[in-house]
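See below for the structure under consideration.
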Amino acid sequence: MIANGFESMDKERVRKRPRMTWDEAPAEPEAKRAVIKGHGSDGRILSPPLRDDDRDGHYVFSLRDNLTPRYKILSKMGEGTFGRVLECWDRDTKEYVAIKIIRSIKKYRDAAMIEIDVLQKLVKSDKGRTRCVQMKNWFDYRNHICIVFEKLGPSLFDFLKRNKYSAFPLALVRDFGCQLLESVAYMHELQLVHTDLKPENILLVSSENVKLPDNKRSAANETHFRCLPKSSAIKLIDFGSTVCDNRIHHSIVQTRHYRSPEVILGLGWSYQCDLWSIGCILFELCTGEALFQTHDNLEHLAMMERALGPLPEHMTRKASRGAEKYFRRGCRLNWPEGANSRESIRAVKRLDRLKDMVSKHVDNTRSRFADLLYGLLAYDPSERLTANEALDHPFFKSSS
């Protein structure tokens with residue numbers, strides 16, 4: 001599952017890949033029988049009729065269907081490459097849960113079993129239970145792996161989107177960053193590399209929020225309001241792409257906007273690729289915009305150089321055969337000569353240096369945040385901060 005979906009995600013210039021969609025439950029059809037839907041006349045809980053999967057292997061359901069006698073389907077929460085997430089009622093525990101129903105295709109089933117194995121490892125300590133989503137149960141139903149999770153709040157991306165991409169306050173970014181780094185440090189201790197860190201895979205524990213007046217005012221001098229989470233508690237989700245060893249790997253991983261240079265250059269990757277993603281995420285939470293909004297490898301590298309300076313020669317000279325075409329004379333990036341459009345050149349030119357972009361959102365006196373980002377976004381993985389080193393950074397020791 002590691003490389004699944006990356007090609008299609010990169011085809012169009014969009015801010016990010018297609019997002020999970022959140023649906024309202026349609027009105028329940030009138031029952032033709034005077035019995036509770038999903039129950040027989042004798043009160044027994046009935047299974048839904050056998051239905052063919054859709055052409056993509058997704059489980060076909062109706063709201064208020066039973067998913068085994070234990071779970072009742074209430075609404076569709078989201079959909080992704082892997083399958084669908086449904087909100088369900090757990091009749092045994094009397095609580096709402098989120099059930100991830102995997103497509104009935106072998107590669108997705110295999111990835112789901114890897115995720116289950118990872119989730120079982122993560123809950124063996126308090127760190128895993130408090131920082132990573134908890135799996136409550138799993139089962140195989142009509143050739144679909146179903147993973148039952150605690151029901152959490154919206155993702156950080158969804159929260160940003162609903163707030164019209166208004167940046168989070170720096171104090172909240174600090175809180176999120178600390179928790180995220182603790183989660184990843186714990187995973188790395190277990191020799192696990194997440195490989196797909198992004199705001200969509202970081203969920204607020206609670207859906208509650210507070211509305212506060214914004215500093216911005218309209219032309220009519222009206223006060224604008226913004227929403228902030230009532231609690232800053234977050235949990236990491238989606239371990240279907242997690243790698244369970246400490247070897248150097250050469251496959252394509254990470255969602256485009258959070259992909260590290262060693263992956264693009266084909267140099268091999270390990271734990272450090274997660275830290276690059278965290279650097280991109282923290283920038284996005286602080287500014288409301290993805291740092292590298294691109295769909296093309298050469299443009300992506302050009303954006304990196306624009307924001308962070310030239311790529312190290314010792315890395316460009318070792319680029320894989322597939323990445324050699326992005327360079328002239330072995331080390332200089334073939335830009336803008338190799339650009340595939342004028343719009344691509346303009347997109348790169350719109351970027352400023354990282355510290356200048358940060359300073360537009362963070363007071364210049366708070367340079368510790370920019371310094372942390374430079375440490376997380378070091379080109380050379382061996383020079384990049386580890387999760388534990390990042391947690392010791394002065395940014396997390398201050399309250400201003």
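Residue 1 is the first one shown; counting continues down the chain.
Using N, Cα and C of the backbone, Cβ positions are placed for all residues, glycine too.
What Swiss-Prot lists as region 'Disordered' is 1-29.
What Swiss-Prot lists as domain 'Protein kinase' is 71-396, and the listing cites sequence analysis.
In sequence order, HIS58, TYR59, LYS100, ILE101, ILE102, ARG103, TYR108, HIS144 make up the list of same-chain residues 6 or more apart from GLY83 (ATP binding site) whose Cβ falls under 8 Å from its Cβ. Swiss-Prot lists MET77, GLY78, GLU79, GLY80, THR81, PHE82, GLY83, ARG84, VAL85, LYS100 with the feature ATP binding site, giving sequence analysis as the kind of evidence.
The feature active site, proton acceptor is assigned by Swiss-Prot to ASP196. Residue density at ASP196 (active site, proton acceptor): 22 other Cβ atoms are found within 10 A of its Cβ, drawing on all protein chains shown. DSSP classifies ASP196 (active site, proton acceptor) as coil under the three-state reduction.
Closest to ASP196 (active site, proton acceptor) in space, going by CA atoms and restricting to the binding-site residues MET77, GLU79, THR81, VAL85, is THR81. In the three-state DSSP reading, THR81 (ATP binding site) counts as coil. Taken together, the residues in the domain 'Protein kinase' (71-396) have a mean pLDDT of 94 on the 0 to 100 scale.
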